[in-house]
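Features as listed in Swiss-Prot:
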- 9, 41, 73, 87: substrate binding site (BINDING)
- 9, 10, 17, 88, 89, 90, 98, 123, 124, 125, 126, 127, 128, 129: ATP binding site (BINDING)
- 17: site 'Transition state stabilizer' (SITE)
């Protein structure tokens with residue numbers, strides 16, 4: 001049985017992420033989606049919200065598990081007995097960072113492979129950062145995220161705007 005881990009912040013989980021999960025889950029016996037509790041990033045959605053979103057969107061895949069992790073990816077990979085780390089590459093600009101991370105992961109986990117996957121054509125330009133920015137500026141993100149995620153984005157943006165108005 002081959003277990004793979006697909007780590008990320010998923011802030012928010014997009015149609016591009018789901019595309020990779022759908023395709024990777026057809027390759028591996030088990031795909032563990034690792035939602036990172038990263039100290040280096042200031043997420044728009046907190047960890048609990050990101051886990052809820054991931055479970056809402058990905059819950060229908062029988063061989064996909066959604067879990068959070070903190071600390072080094074190598075420890076999460078080991079705990080889950082994974083043999084593969086799945087990473088998405090949207091553009092050449094992603095490659096340099098991902099290549100360096102794959103090299104470090106190979107050093108730390110010599111028996112674990114990193115597999116790069118490119119998103120389907122219609123999702124190559126989508127990123128969580130761009131989706132958040134569009135949502136915060138009042139734009140339509142319905143083509144980039146699932147309806148439940150769009151609703152959460154709208155609610156979060158409205159709450160932030162109310163908080164700003166209350167504390168000018």
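We number each residue from 1, going along the chain as drawn.
Heads up, the Cβ atoms here are built off N, Cα and C, so glycines get one too.
Closest by Cα distance to residue 98 (ATP binding site), from the binding-site residues 9, 41, 73, 87, is 87. Between the CA atoms of residue 73 (substrate binding site) and residue 89 (ATP binding site) there is a gap of 18 Å, rounded to the nearest whole number.
When the Cα atoms are compared, residue 41 (substrate binding site) and residue 124 (ATP binding site) turn out to be 22 Å apart.
A distance of 14 Å separates the Cα atom of residue 126 (ATP binding site) from that of residue 9 (substrate binding site). Taking Cβ-Cβ distances under 8 Å and a sequence separation of 6 or more, the neighbours of residue 128 (ATP binding site) in its chain are 9, 10, 11, 12, 13, 14. It is 41, among the binding-site residues 17, 41, 87, whose Cβ has the fewest other Cβ atoms within 10 Å in the structure shown. Within 10 Å of the C-beta of residue 124 (ATP binding site) there are 14 other C-beta atoms, taking all protein chains into account.
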